[in-house]
Ligand code: HEC
Ligand code: HEC
């Protein structure tokens, strides 16, 4: 796997209908090359039974609140964190994810199918219930992802996959500095209390913390992951404008607020923190005299 041109030709021969070539930036000369891939346009969704399910999956992805409401426990939609209907590079796009599963995940210490990965986003990111693998909602989401990945080389690391990691900055990330970044760059859309903004009862800007946001078990609650998402995608349509330091600081500020309990919680914040949380999150820390994650420490009356 040394000659990028030879690799590109091999893939180009496999994937005749798409342009796939070696991208220029790679971390080390020996690392697997990231390949450029462009998903098909919506106009190319076929007008048949298959196309119908693809469109269903797209609808669920964009308006999960409406099309899969029985599985959602907050006010978010899939598209809030996977922008442009799951197409946007560096926003964990579906086409790049689809070809990389089954994959091992440290989070549950096993090889996960693509369906299991989506179930995770329902349970944590949407603070809801996981739809069964053979439910119409899951089938549609998988079908939509499969269609977006039409012609992509299976198993390949595609350019734009995931949220690109942001190196730890020079200063220890700080919520107070992060608050300034938030007030100047985020508050106008997400609200001074991170509550988001509704028009006609529908969120146009999603909530960043509080009961309507993702829970303490979601990938986004990890400061490194949030910094990565934010740096590449926020402020909306101005991705890449914050410095690494600002991205980490504002992520730290956002994650210094209360949100729904980690579903893996078994009655004790300290124990849950020890078992499931590391230095990249603030769960269990005391902020303004209150323990984060401690709101539901005692059973509701
Ligand atoms: C609150 C934000 C958020 C929401 C809402 C959300 N996700 Fe995710 N999703 C994430 C994060 C964070 C990751 C992990 C990405 C990473 O670590 O690179 C992820 C990962 C994924 C992956 C795997 C990506 C990969 O490259 O391995 C898929 C597939 C996925 N989500 C689908 C969905 C679907 C379908 C929904 C709606 C049912 C959804 N997500 C809702 C934040 C979210
Ligand atoms: C111009 C409006 C706007 C600004 C400014 C903005 N956002 Fe967003 N943000 C959005 C929208 C809209 C989405 C959902 C994207 C979608 O659904 O396509 C979003 C999604 C998010 C999400 C994932 C979903 C969630 O609710 O958690 C996070 C985290 C986030 N923004 C953080 C930030 C931060 C931090 C800043 C400031 C650095 C910021 N945003 C600035 C509009 C904005």
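Cβ atoms here come from the backbone N, Cα and C positions, even for glycine.
Summarising the annotation, TrEMBL assigns signal peptide to 1-22. The domain 'Cytochrome c' annotation in TrEMBL covers 52-149, 173-258.
Using DSSP to sort the residues of the domain 'Cytochrome c' (173-258) gives these counts of helix, strand and coil: 40 helix, 7 strand, 39 coil. When averaged over the domain 'Cytochrome c' (52-149), pLDDT in the model lands at 98.
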